[in-house]
Amino acid sequence: MRIIRDLTELRDARIARRAAGRSLGLVPTMGALHRGHLALVAEARRQADEVAVSIFVNPLQFGPNEDLSRYPRDEAGDLEKLRGAGCDLVWLPPVEAMYPPGAATTIEVGGPSEGFEGAARPGHFRGVATVCTKLFHQTGADLAVFGEKDWQQLQVVRRAVADLDMPVRIVGHPTVREEDGLAFSSRNARLSPPERALAPVLAQEMGGVIGRMAEGAAPGAILAATGARLAAAGLVPDYLALVEPDTMRPWPEGRRGEARLLAAARLGDVRLLDNMAARLPG
Ligand code: PAF
């Protein structure tokens, strides 16, 4: 497994790989790797000749009051996991390589960036779209694998790639969950034992909402009652909403078909995010 920290070396590796006619699958990460990330690596392995993982805690996607300095970092542990996962190349850029002095260009995505995480974290998706665009160009990836866990992020990246004609195929991978249903996330490491015990209630309640909607119940009342129950249990929802899966627009009352249920809830100082496919029968 090759570890690259220098942009010129990465460019040379890209040129050599292209000359050899081998495709590259990229898994962009911010490190603190867990089973969810390793499933993305395995997916990239299935779909491309070579796999690159980028590890970069992107300052541009953190707001002034967010937890950039507290974001978990474990480079040695990450590299060991990636060796075991059959990764070929790790791109570990220093901040100056990504954002050299004077950098003044960002990617602003409208549409699916609006609302939800876009509203809760102003500027977050600008940072995500900018860093992903740079990573796609730097690595020359043919495809990039993202977890569905960050559903809105996946739609924002898809939109940017389509709108800017980027020659990379975006692959979404289903959320990987713990035995008790909690979606894997680097931030779970910050949950105290009692918070960790409570956290799966979010996915359980979401599953209940989806089940009742599949039986024909109207979403509005169910979402309100579930939100209140979550808050009473100590999982304070920022939002619990049904949306169009790709545009992220609110699901129109009375419409039937494939929707997405999104949730963000605060548990202590951790924000849990989750989403699930929802079907409203006709
Ligand atoms: O999902 C993440 O870990 C990050 O938002 C990403 C896609 C690596 C961009 O920094």
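The backbone N, Cα and C atoms fix where each Cβ goes, glycine too.
Keep in mind it's a predicted model, so treat the numbers as computed, not measured.
According to TrEMBL, the feature ATP binding site maps to 30-37, 147-150, V176, 184-187. In the three-state DSSP scheme, E148 (ATP binding site) falls into the helix class.
Residues annotated as active site, proton donor in TrEMBL: H37. Cβ neighbours of H37 (active site, proton donor) (same chain, under 8 Å, six or more residues apart in sequence): V27, T29, V53, K81, G147. Under the three-state DSSP scheme, H37 (active site, proton donor) falls in the helix class.
The secondary structure of Q61 (beta-alanine binding site), as reduced to three states from DSSP, is helical. Residues annotated as beta-alanine binding site in TrEMBL: Q61.
The (R)-pantoate binding site feature in TrEMBL is assigned to Q61, Q153. Long-range Cβ neighbours of Q61 (beta-alanine binding site) (same chain, at least 6 residues apart, Cβ-Cβ under 8 Å): G123, H124, F125, R126, G127, V128, V131.
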Filtered recorded positions, from M30, L33, H37, E148, S186, whose Cβ is under 6 Å from an atom of ligand 1: M30
Binding-site residues near Q153 ((R)-pantoate binding site) (Cα-Cα within 10 Å), from M30, L33, G36, V176, S186: none
Candidate with sparsest Cβ neighbourhood (10 Å radius) among Q153, S186, the listed binding-site residues: S186
Number of other Cβ atoms within 10 Å of the Cβ of G36 (ATP binding site) across all protein chains: 22
